[in-house]
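Annotated in TrEMBL:
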- 51-128: coiled coil (COILED)
- 402-426: transmembrane segment (TRANSMEM)
- 447-465: transmembrane segment (TRANSMEM)
- 534-555: transmembrane segment (TRANSMEM)
- 567-587: transmembrane segment (TRANSMEM)
- 638-657: transmembrane segment (TRANSMEM)
Amino acid sequence: MGNLFRSEEMTLCQLFLQSEAAYACVSELGELGLVQFRDLNPDVNAFQRKFVNEVRRCDEMERKLRYLEKEIKKDGIPMLDTGENPEAPQPREMIDLEATFEKLENELREVNQNAEALKRNFLELTELKHILRKTQVFFDEMADPSREEEQVTLLGEEGLRAGGQALKLGFVAGVILRERIPAFERMLWRACRGNVFLRQAEIESPLEDPSNGDNVFKSVFIIFFQGDQLKTRVKKICEGFRATLYPCPEAPADRREMAMGVMTRLEDLNTVLGQTQDHRHRVLVAAAKNIKNWFVKVRKIKAIYHTLNLFNLDVTQKCLIAECWVPVLDLETIQLALRRGTERSGSSVPPILNRMESFEDPPTYNRTNKFTHGFQVLIDSYGVATYREVNPAPYTIITFPFLFAVMFGDLGHGMIMAMFGAWMVLREKPLAAKKSDSEIWNIFFGGRYIILLMGMFSMYTGFVYNDTFSKSLNVFGSYWSVNYNASTVMSNKDLQLNPSTTDYQQYPYPIGLDPVWQVAENKIIFMNAYKMKISIIIGVFQMLFGVCLSLWNFIYFQRRISIYCEFIPQIIFLCFLFLYMVILMFVKWTNYGPSTGDVKTGPYCAPSILITFINMVLFKTNSAPAVCDAYMYSGQQAFQMLLVVVALICIPWMLFAKPALILRNKRKMHVPVSSNRHEARQLLCSVI
């Protein structure tokens, strides 16, 4: 039970393993997760260690698996994850895994290359098909007699009169990205000085880019020109705009024959592409069934060899020596794991585990389960406790959700949060088996028990605040009554209820707040003051509890000087200032009220705790109306001045007493003064 409230007791052990059994033994220890190995080769470069080649082989296998995973995700194939935790394979199985991954990668790359080449060929044929169709439309339009004006504009009247040779035009046809058409047209006009004729038509359906699989929109164009010089210039411009040019016969019969050939080849390519995609899909489906287990196996192999690189070799090169930190309570479990590893490897030499004495600070290890793990992670995010210090995580299980609920307090919203947390807890195993890559979801799922408790506590505080979706519940009725007549109530918007009369029943509400506060004009003022005082009270007691935990640490580590120079001044400072302020709150609530019958103890004379505390710290006198007492009790001013003076004395007591005592003790031991001063200065800085 003590280990729940304090980190585990650790011991340093020396481990002797036979080289043949080292892999299996480290594998068994890794499954336990109870051993932290020390690096016995800190000065050796990572590339010069014994098992660096095995680590590189694991890196290469991981690269191949990542490539397979990327291809599987690209096709949207679900990867089977049974939630199993396969054991680390034997070293001889690495060769089989490497061969399997090599075969899969090569096969997949070859299939991808073939598919890309087929898709590129298919794209070219598709573009050629559209060119043949669109250019036929262009030629049909130009052959129309009604288009004679356009031909005259293109060639001029003199060219038409010159005979058939002047009408002999050259042309090129191709496809270009649709967004490049305006710039392409301007460049042709400027470079050829308006001596070319461009016609273009959009391809309605998008075309697939074989290099990345994206859909692109393209347009077919045909350019008419006269002369070889313009032809060369036009082709260079097409090349600059990355337009693809295709051969287009001049004769209609040749174009029809080419179109029929293109359609036949497209059908054949469609068949081959379908077979290629089916084969690729089968390869990926087969890989998807095992890729999760493969990842686990490869990472375990890599972790084992990385750990073995921390070991030392003895002189005979037949034994590996390691040093590790282990929990004292788990020594027998570790011995059994080493024995299992030795049996698995078939070695006849048992491993040797010796406990060692060490002056180093052991690592902090807090044993957790699925319930406490989230709270421990929350604590460790602020800082890991020193070895064998009190672990605050068990107390955080209650304090963190409750303090959240004090701020959040709403019965309706708390119920939604509790239901969400309960759903994650009840569906824990199937949700954990999915192993989502979403960081936000993993944070929520890791803190499922925290969310559940926060929701439950928020429901409780929401019930105390009588707040459900910002509305009040009339559970026990109201203890206030309206004693005005009906005409007064109907004609006046704002009415006051006097708590010292029969408007109030003169005894407390059973639990929480009276629902009448929902319609009160001063609801926000009252609720803010109430919640602020409750928060201060809870916060002060939490700080006192934290300081008391430090006393537990000082007693455990036998640090008497810390008790006298840290705990006592801290507790005095907290009690004399902040705990005293909390006591004043309870005194005010107890002594001042509307039904006391005395003006001096009525609500008119109730002092402000905030103003009283400020005057106390500044050594000022309280001011009050003539009929009221300035203080809650006799001798309050002198007592408060005494408390502040003692609290101020505690500040140098906390900061300077411990370094001064350590410096004095070291002087008695005849340690050089310069080193004492330096260490005392370091201690002073650490205390501050």
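Placed from the backbone N, Cα and C atoms, the Cβ positions cover glycine too.
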Long-range environment of the transmembrane segment (534-555) - Cβ separation under 8 angstroms, sequence gap at least 6:
389-390, 392, 395, 399, 402-403, 406-407, 562-563, 566-567, 570-571, 574-575, 578-579, 581-582, 585
Go through the chain and flag residues at least 6 beyond the ends of the transmembrane segment (402-426) whose CB is under 8 A from any CB in it; none is fine as an answer.
444-445, 448-465, 467-470, 473, 531, 534-535, 538, 542
Averaged over the whole of the coiled coil (51-128), what is the pLDDT?
90
